[in-house]
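Enquirer: Okay, these came from Swiss-Prot:
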| type | residues | note |
| --- | --- | --- |
| SITE | Arg26 | site 'Important for dual ACDL/DAAT activities' |
| BINDING | Arg50, Tyr153, Thr216, Thr217, Ser253 | pyridoxal 5'-phosphate binding site |
| MOD_RES | Lys149 | N6-(pyridoxal phosphate)lysine |
| BINDING | Ser252, Met254, Thr255 | 2-oxoglutarate binding site |
Amino acid sequence: MVVTLDGEILQPGMPLLHADDLAAVRGDGVFETLLVRDGRACLVEAHLQRLTQSARLMDLPEPDLPRWRRAVEVATQRWVASTADEGALRLIYSRGREGGSAPTAYVMVSPVPARVIGARRDGVSAITLDRGLPADGGDAMPWLIASAKTLSYAVNMAVLRHAARQGAGDVIFVSTDGYVLEGPRSTVVIATDGDQGGGNPCLLTPPPWYPILRGTTQQALFEVARAKGYDCDYRALRVADLFDSQGIWLVSSMTLAARVHTLDGRRLPRTPIAEVFAELVDAAIVSDR
């Protein structure tokens, strides 16, 4: 199902994009993906803020947020009326037609992929791969727009296919100078011993000034976890820190929390906080309600 910013509902099979839309021919646009759970879209404002930031980095017109909110509401209501299942709600915003036009903007909802359900339940195996950027690449090379969520996902998809050929289900990118960055569709979060020893572990993720996308789910997770007494921080991490941690998760708005059970072919010990971590993420995803 597709909803335009005018509130028009398009059924599957109805034409939407022109053949020369820059979303299709260049990947020239931005997007967001939200989870629909328990009758509502999750973390809507956080995703709209990131959509706005991505549009700004891409020199796209400022998104009309009231119209986006209304389209999200209409799409969510229609989805919830038709099924009790979770939904994957996407916000698509492209530069428009190649010959010049207003931007293309719409919301679409589809079923949550089976892959996502499996990753939540069983975790994933992952491999580390060089991203080809230093940890300071975002500042040194701003034209790479590493902190924008763009439609240009060819590299992300290619790296996941490469991982599959190696027998892995996901990837953790590492900078050329050896620092952990992110997954191709997720934020890396690890649990370590707290600074005081004993008690709750500390949750860590790479610094947001790295050439990575800031995670909406990770930020909500840190807010919820801090309120429950967990230390949460942004820290430079090496691959060795992943192996030394109490647990590694790939966190995202759709998969939520995929525990990494195998890294670079090495089976990791079962983390004692696996269930608690999943509960924290479940609470975080609805923390704006």
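Heads up, the Cβ atoms here are built off N, Cα and C, so glycines get one too.
Small disclaimer: the values here were computed from a predicted structure and weren't measured.
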Enquirer: At the Cα level, what's the spacing in Å between Thr216 (pyridoxal 5'-phosphate binding site) and the residue listed as 'N6-(pyridoxal phosphate)lysine', rounded?
Expert: 12
Enquirer: C-alpha of Met254 (2-oxoglutarate binding site) to C-alpha of the residue listed as 'N6-(pyridoxal phosphate)lysine': distance in Å?
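Expert: Just about 15 Å between their Cα atoms.
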Enquirer: Relative to the Cα of Arg50 (pyridoxal 5'-phosphate binding site), which of the recorded positions Arg26, Lys149, Ser252, Thr255 has the closest Cα?
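Expert: Going through Arg26, Lys149, Ser252, Thr255 one by one, the closest to Arg50 (pyridoxal 5'-phosphate binding site) is Lys149.
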Enquirer: Can you figure out which of Arg26, Lys149, Tyr153, Thr217 (the recorded positions) comes closest in space to Thr255 (2-oxoglutarate binding site), comparing Cα atoms?
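Expert: Closest by Cα distance to Thr255 (2-oxoglutarate binding site) among the recorded positions Arg26, Lys149, Tyr153, Thr217: Thr217.
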Enquirer: In sequence order, what residues of the same chain, 6+ apart, have a Cβ less than 8 Å from the Cβ of Arg26 (site 'Important for dual ACDL/DAAT activities')?
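Expert: Result: Arg95, Glu98, Ser152.
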Enquirer: Suppose we draw a 10 Å sphere around the Cβ of Tyr153 (pyridoxal 5'-phosphate binding site). How many other Cβ atoms does it contain, all chains included?
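Expert: A 10 Å sphere around the Cβ of Tyr153 (pyridoxal 5'-phosphate binding site) contains 14 other Cβ atoms.
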Enquirer: Compute the C-alpha separation of Thr217 (pyridoxal 5'-phosphate binding site) from Ser252 (2-oxoglutarate binding site), stating it in Å without decimals.
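Expert: Each residue's Cα considered, Thr217 (pyridoxal 5'-phosphate binding site) and Ser252 (2-oxoglutarate binding site) end up 6 Å apart.
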Enquirer: Which residues, sitting 6 or more apart from Ser252 (2-oxoglutarate binding site) on the same chain, put a CB under 8 Å from its CB?
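Expert: The list for Ser252 (2-oxoglutarate binding site) reads Gly183, Arg185, Ser186, Thr187, Gly215, Thr217, Ala258, given in order along the sequence.
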Enquirer: So, three-state DSSP: helix, strand or coil for Ser252 (2-oxoglutarate binding site)?
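Expert: Assignment for Ser252 (2-oxoglutarate binding site) reads strand.
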Enquirer: Taking the mean position of the Cβ atoms of Ser252, Met254, Thr255 as the 2-oxoglutarate site, which residues outside that list, in the same chain, have a Cβ no more than 8 Å away, listed in sequence order?
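Expert: The surrounding set, listed in chain order, is Thr33, Leu35, Val116, Ala119, Arg185, Ser186, Thr217, Leu250, Val251, Ser253, Leu256, Ala258.
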Enquirer: Record lists Arg50, Tyr153, Thr216, Thr217, Ser253 as binding pyridoxal 5'-phosphate; longest Cα-Cα distance in Å?
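Expert: Between the outermost Cα atoms of Arg50, Tyr153, Thr216, Thr217, Ser253, the distance is 20 Å.
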